[in-house]
Amino acid sequence: ENPSWYAEVRGETIMRAVGVFPDPHMFSFFLGFGALFALSVVIFYPKRKIFSFFVFIVCSLTLFLTFSRGGYLGFLAGVCALIVVSWPKLSVKAKKLFRVSLLAATVCVFIWGGPVASRFISSFDSNEGSNAGRLEIWREVVYLSRDSFWTGAGLGNYPLLLNPYENYRSAVTSHNLYLDILVETGVFGLIAWIVFLFYCFKNSLRQIRSEEAIARVFGAGCFGFFVYFSVHSFFETAIFNPTILAFLMIAAGLSASLNHNSPLSSLRRGLGL
(Lines of atoms letter the chains of each structure in order from A and count residues from 1; the text may use other names and numbers.)
(Lines give C-alpha, C1' and ligand atoms only; values in the text may rest on other atoms or scores of the structure.)
Protein backbone atom coordinates (compact mmCIF):
# COMPACT_ATOMS: atom_id res chain seq x y z
CA GLU A 1 0.00 0.00 0.00
CA ASN A 2 1.07 3.55 -0.72
CA PRO A 3 0.12 5.92 2.13
CA SER A 4 0.17 8.94 -0.18
CA TRP A 5 -2.82 7.45 -2.02
CA TYR A 6 -5.05 8.14 0.98
CA ALA A 7 -6.11 11.31 2.77
CA GLU A 8 -7.72 11.95 6.13
CA VAL A 9 -10.72 14.21 5.59
CA ARG A 10 -13.14 14.94 8.45
CA GLY A 11 -11.95 11.87 10.31
CA GLU A 12 -12.45 9.55 7.34
CA THR A 13 -9.79 7.89 5.18
CA ILE A 14 -10.47 8.61 1.52
CA MET A 15 -8.66 7.17 -1.47
CA ARG A 16 -7.35 9.90 -3.74
CA ALA A 17 -7.41 10.02 -7.53
CA VAL A 18 -4.01 8.96 -8.89
CA GLY A 19 -4.70 7.93 -12.49
CA VAL A 20 -1.64 6.23 -13.99
CA PHE A 21 0.76 8.37 -11.94
CA PRO A 22 2.74 7.21 -8.89
CA ASP A 23 0.95 9.58 -6.53
CA PRO A 24 -1.93 12.10 -6.55
CA HIS A 25 0.40 15.10 -6.54
CA MET A 26 1.96 14.22 -9.91
CA PHE A 27 -1.51 13.49 -11.28
CA SER A 28 -2.66 16.95 -10.19
CA PHE A 29 0.24 18.56 -12.12
CA PHE A 30 -0.97 16.77 -15.25
CA LEU A 31 -4.58 17.80 -14.63
CA GLY A 32 -3.55 21.40 -14.01
CA PHE A 33 -1.85 21.44 -17.40
CA GLY A 34 -4.96 20.10 -19.15
CA ALA A 35 -7.46 22.27 -17.27
CA LEU A 36 -5.64 25.56 -17.84
CA PHE A 37 -5.03 24.94 -21.52
CA ALA A 38 -8.69 23.99 -21.95
CA LEU A 39 -9.75 27.20 -20.18
CA SER A 40 -7.47 29.16 -22.50
CA VAL A 41 -9.23 27.64 -25.52
CA VAL A 42 -12.63 28.53 -24.01
CA ILE A 43 -11.54 32.16 -23.66
CA PHE A 44 -9.72 32.73 -26.95
CA TYR A 45 -11.04 30.14 -29.42
CA PRO A 46 -14.88 30.14 -29.34
CA LYS A 47 -15.15 27.56 -32.14
CA ARG A 48 -14.01 24.87 -29.69
CA LYS A 49 -15.39 26.34 -26.49
CA ILE A 50 -18.07 23.70 -25.74
CA PHE A 51 -15.73 20.70 -25.92
CA SER A 52 -12.94 22.65 -24.21
CA PHE A 53 -15.25 23.71 -21.40
CA PHE A 54 -16.18 20.05 -20.90
CA VAL A 55 -12.48 19.13 -20.71
CA PHE A 56 -11.90 21.96 -18.23
CA ILE A 57 -14.72 20.75 -15.97
CA VAL A 58 -13.57 17.10 -16.09
CA CYS A 59 -9.94 18.01 -15.35
CA SER A 60 -10.97 20.39 -12.56
CA LEU A 61 -13.27 17.91 -10.83
CA THR A 62 -10.67 15.15 -11.10
CA LEU A 63 -8.02 17.49 -9.69
CA PHE A 64 -10.28 18.13 -6.69
CA LEU A 65 -10.48 14.36 -6.16
CA THR A 66 -6.70 14.11 -5.87
CA PHE A 67 -7.07 15.98 -2.54
CA SER A 68 -3.69 17.57 -3.27
CA ARG A 69 -3.63 20.81 -1.32
CA GLY A 70 -0.67 22.07 -3.31
CA GLY A 71 -2.71 21.27 -6.41
CA TYR A 72 -5.65 23.26 -5.07
CA LEU A 73 -3.47 26.31 -4.39
CA GLY A 74 -1.74 26.03 -7.77
CA PHE A 75 -5.03 25.58 -9.62
CA LEU A 76 -6.63 28.57 -7.89
CA ALA A 77 -3.57 30.72 -8.61
CA GLY A 78 -3.39 29.54 -12.23
CA VAL A 79 -7.06 30.18 -12.99
CA CYS A 80 -6.99 33.62 -11.33
CA ALA A 81 -3.79 34.60 -13.14
CA LEU A 82 -5.10 33.40 -16.50
CA ILE A 83 -8.34 35.36 -16.11
CA VAL A 84 -6.52 38.51 -14.95
CA VAL A 85 -4.14 38.59 -17.93
CA SER A 86 -6.96 37.67 -20.33
CA TRP A 87 -9.54 40.11 -18.93
CA PRO A 88 -8.70 43.05 -21.26
CA LYS A 89 -9.24 40.76 -24.27
CA LEU A 90 -12.66 39.54 -23.13
CA SER A 91 -15.95 40.85 -24.46
CA VAL A 92 -18.60 42.27 -22.13
CA LYS A 93 -20.68 39.11 -22.62
CA ALA A 94 -17.72 36.88 -21.74
CA LYS A 95 -16.99 38.91 -18.60
CA LYS A 96 -20.59 38.51 -17.44
CA LEU A 97 -20.40 34.77 -18.14
CA PHE A 98 -17.26 34.47 -16.02
CA ARG A 99 -18.88 36.30 -13.12
CA VAL A 100 -21.90 33.99 -13.27
CA SER A 101 -19.64 30.92 -13.54
CA LEU A 102 -17.61 32.06 -10.54
CA LEU A 103 -20.76 32.53 -8.48
CA ALA A 104 -22.10 29.11 -9.55
CA ALA A 105 -18.78 27.42 -8.72
CA THR A 106 -18.73 29.07 -5.28
CA VAL A 107 -22.28 27.88 -4.55
CA CYS A 108 -21.41 24.33 -5.69
CA VAL A 109 -18.37 24.23 -3.41
CA PHE A 110 -20.43 25.29 -0.41
CA ILE A 111 -23.22 22.79 -1.14
CA TRP A 112 -21.36 19.70 -2.38
CA GLY A 113 -17.68 20.44 -1.86
CA GLY A 114 -17.46 19.83 1.90
CA PRO A 115 -14.54 17.35 1.82
CA VAL A 116 -12.67 19.42 -0.79
CA ALA A 117 -13.21 22.67 1.12
CA SER A 118 -12.17 21.01 4.37
CA ARG A 119 -9.01 19.68 2.76
CA PHE A 120 -8.20 23.09 1.27
CA ILE A 121 -8.72 24.93 4.56
CA SER A 122 -6.38 22.47 6.30
CA SER A 123 -3.61 23.78 4.03
CA PHE A 124 -3.28 26.76 6.36
CA ASP A 125 -3.09 24.71 9.57
CA SER A 126 0.60 24.51 10.55
CA ASN A 127 -0.22 21.96 13.26
CA GLU A 128 -1.74 19.46 10.82
CA GLY A 129 0.48 16.38 10.55
CA SER A 130 1.50 16.66 6.90
CA ASN A 131 2.02 20.42 7.10
CA ALA A 132 4.08 20.16 10.28
CA GLY A 133 6.21 17.44 8.67
CA ARG A 134 6.89 19.58 5.61
CA LEU A 135 7.85 22.59 7.72
CA GLU A 136 10.33 20.45 9.64
CA ILE A 137 11.81 19.08 6.41
CA TRP A 138 12.17 22.60 5.00
CA ARG A 139 14.02 23.79 8.10
CA GLU A 140 16.34 20.82 7.79
CA VAL A 141 17.02 21.51 4.09
CA VAL A 142 17.79 25.18 4.75
CA TYR A 143 20.25 24.09 7.44
CA LEU A 144 21.90 21.49 5.16
CA SER A 145 22.19 23.96 2.28
CA ARG A 146 24.49 26.19 4.34
CA ASP A 147 27.38 23.76 3.91
CA SER A 148 27.21 23.90 0.11
CA PHE A 149 25.40 27.19 -0.46
CA TRP A 150 27.35 28.21 -3.57
CA THR A 151 27.98 24.94 -5.38
CA GLY A 152 25.32 22.60 -3.99
CA ALA A 153 25.74 19.00 -2.91
CA GLY A 154 25.32 17.65 -6.45
CA LEU A 155 22.31 16.46 -8.42
CA GLY A 156 20.49 13.69 -6.60
CA ASN A 157 22.66 13.96 -3.50
CA TYR A 158 20.07 15.40 -1.11
CA PRO A 159 19.17 11.89 0.19
CA LEU A 160 22.87 11.27 0.89
CA LEU A 161 22.99 14.39 3.03
CA LEU A 162 20.26 12.85 5.16
CA ASN A 163 22.03 9.49 5.39
CA PRO A 164 25.61 9.35 4.03
CA TYR A 165 25.75 5.58 4.59
CA GLU A 166 22.94 4.68 2.18
CA ASN A 167 24.00 2.07 -0.39
CA TYR A 168 21.53 3.40 -2.96
CA ARG A 169 20.03 6.73 -3.94
CA SER A 170 16.63 7.17 -2.37
CA ALA A 171 13.86 9.03 -4.17
CA VAL A 172 13.19 11.22 -1.14
CA THR A 173 12.74 14.97 -1.78
CA SER A 174 12.21 18.04 0.37
CA HIS A 175 8.66 18.51 -0.98
CA ASN A 176 9.78 21.90 -2.31
CA LEU A 177 11.31 22.21 -5.77
CA TYR A 178 13.13 25.44 -4.97
CA LEU A 179 14.77 24.02 -1.86
CA ASP A 180 15.73 20.84 -3.73
CA ILE A 181 17.43 22.93 -6.41
CA LEU A 182 19.16 25.06 -3.78
CA VAL A 183 20.55 22.16 -1.77
CA GLU A 184 21.65 20.13 -4.83
CA THR A 185 22.87 22.82 -7.26
CA GLY A 186 23.54 25.80 -5.00
CA VAL A 187 22.32 29.36 -5.16
CA PHE A 188 23.45 29.82 -8.78
CA GLY A 189 21.38 26.82 -9.83
CA LEU A 190 18.36 28.30 -8.08
CA ILE A 191 18.94 31.67 -9.77
CA ALA A 192 19.19 29.92 -13.16
CA TRP A 193 15.87 28.17 -12.51
CA ILE A 194 14.17 31.43 -11.54
CA VAL A 195 15.55 33.10 -14.70
CA PHE A 196 14.19 30.19 -16.75
CA LEU A 197 10.72 30.67 -15.23
CA PHE A 198 10.95 34.44 -15.74
CA TYR A 199 11.49 34.03 -19.48
CA CYS A 200 8.71 31.44 -19.66
CA PHE A 201 6.32 33.98 -18.15
CA LYS A 202 7.65 36.79 -20.32
CA ASN A 203 7.28 34.82 -23.56
CA SER A 204 3.77 33.70 -22.61
CA LEU A 205 2.61 37.23 -21.81
CA ARG A 206 3.92 38.42 -25.18
CA GLN A 207 1.73 35.88 -26.95
CA ILE A 208 -1.38 36.87 -25.00
CA ARG A 209 -1.04 40.37 -26.48
CA SER A 210 -0.86 38.92 -30.00
CA GLU A 211 -3.58 39.58 -32.55
CA GLU A 212 -3.61 35.92 -33.59
CA ALA A 213 -6.13 33.76 -31.73
CA ILE A 214 -3.98 30.63 -31.76
CA ALA A 215 -1.04 32.54 -30.28
CA ARG A 216 -3.25 33.87 -27.49
CA VAL A 217 -4.56 30.35 -26.78
CA PHE A 218 -1.09 28.90 -26.35
CA GLY A 219 0.24 32.00 -24.60
CA ALA A 220 -2.55 32.07 -22.01
CA GLY A 221 -2.48 28.29 -21.55
CA CYS A 222 1.28 28.30 -20.99
CA PHE A 223 1.07 31.29 -18.65
CA GLY A 224 -1.63 29.65 -16.53
CA PHE A 225 0.31 26.40 -16.35
CA PHE A 226 3.55 28.17 -15.39
CA VAL A 227 1.70 29.87 -12.53
CA TYR A 228 0.22 26.53 -11.48
CA PHE A 229 3.60 24.80 -11.68
CA SER A 230 5.41 27.57 -9.79
CA VAL A 231 2.90 27.61 -6.93
CA HIS A 232 2.49 23.85 -6.59
CA SER A 233 6.28 23.46 -6.68
CA PHE A 234 6.46 25.13 -3.28
CA PHE A 235 4.99 21.87 -1.95
CA GLU A 236 6.23 19.16 -4.33
CA THR A 237 9.18 18.38 -6.61
CA ALA A 238 7.69 17.36 -9.95
CA ILE A 239 10.65 17.68 -12.32
CA PHE A 240 11.85 14.20 -11.33
CA ASN A 241 8.70 12.77 -12.91
CA PRO A 242 9.46 12.29 -16.65
CA THR A 243 5.88 12.96 -17.75
CA ILE A 244 5.52 16.22 -15.83
CA LEU A 245 8.99 17.38 -16.90
CA ALA A 246 8.05 16.66 -20.52
CA PHE A 247 4.88 18.75 -20.24
CA LEU A 248 6.84 21.59 -18.64
CA MET A 249 9.38 21.54 -21.48
CA ILE A 250 6.58 21.42 -24.07
CA ALA A 251 4.98 24.50 -22.49
CA ALA A 252 8.36 26.27 -22.32
CA GLY A 253 9.05 25.41 -25.95
CA LEU A 254 5.63 26.60 -27.08
CA SER A 255 5.94 29.90 -25.26
CA ALA A 256 9.36 30.51 -26.83
CA SER A 257 8.68 29.25 -30.37
CA LEU A 258 5.46 31.23 -30.75
CA ASN A 259 7.57 34.37 -30.95
CA HIS A 260 6.49 36.48 -33.93
CA ASN A 261 9.77 35.91 -35.78
CA SER A 262 10.21 32.23 -34.99
CA PRO A 263 10.11 29.50 -37.71
CA LEU A 264 7.01 27.98 -36.08
CA SER A 265 5.23 31.32 -36.26
CA SER A 266 6.11 31.65 -39.95
CA LEU A 267 4.83 28.12 -40.62
CA ARG A 268 1.63 28.89 -38.72
CA ARG A 269 1.00 32.01 -40.81
CA GLY A 270 1.74 30.04 -43.97
CA LEU A 271 -0.90 27.47 -43.02
CA GLY A 272 -3.37 30.22 -42.20
CA LEU A 273 -3.68 29.21 -38.52
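Note: Cβ is positioned from N, Cα and C throughout, glycine not excepted.
Quick look at what TrEMBL annotates:
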{"type": "DOMAIN", "residues": "54-194", "note": "domain 'O-antigen ligase-related'"}
{"type": "TRANSMEM", "residues": "25-45", "note": "transmembrane segment"}
{"type": "TRANSMEM", "residues": "50-67", "note": "transmembrane segment"}
{"type": "TRANSMEM", "residues": "73-90", "note": "transmembrane segment"}
{"type": "TRANSMEM", "residues": "102-121", "note": "transmembrane segment"}
{"type": "TRANSMEM", "residues": "177-201", "note": "transmembrane segment"}
{"type": "TRANSMEM", "residues": "213-231", "note": "transmembrane segment"}
{"type": "TRANSMEM", "residues": "237-259", "note": "transmembrane segment"}
Worksheet item: Given pairs 6 or more apart, does the transmembrane segment (50-67) have at least three Cβ pairs under 8 Å with the transmembrane segment (213-231)?
Response: no
Worksheet item: Any chance the transmembrane segment (73-90) and the transmembrane segment (237-259) have 3 or more Cβ pairs under 8 A, given the pairs are 6 or more apart in sequence?
Response: no
Worksheet item: Of the residues in the domain 'O-antigen ligase-related' (54-194), how many are helix, strand and coil by DSSP?
Response: 108 helix, 0 strand, 33 coil
Practice prompt. Looking only at the domain 'O-antigen ligase-related' (54-194), report the model's average pLDDT.
Written response: 85
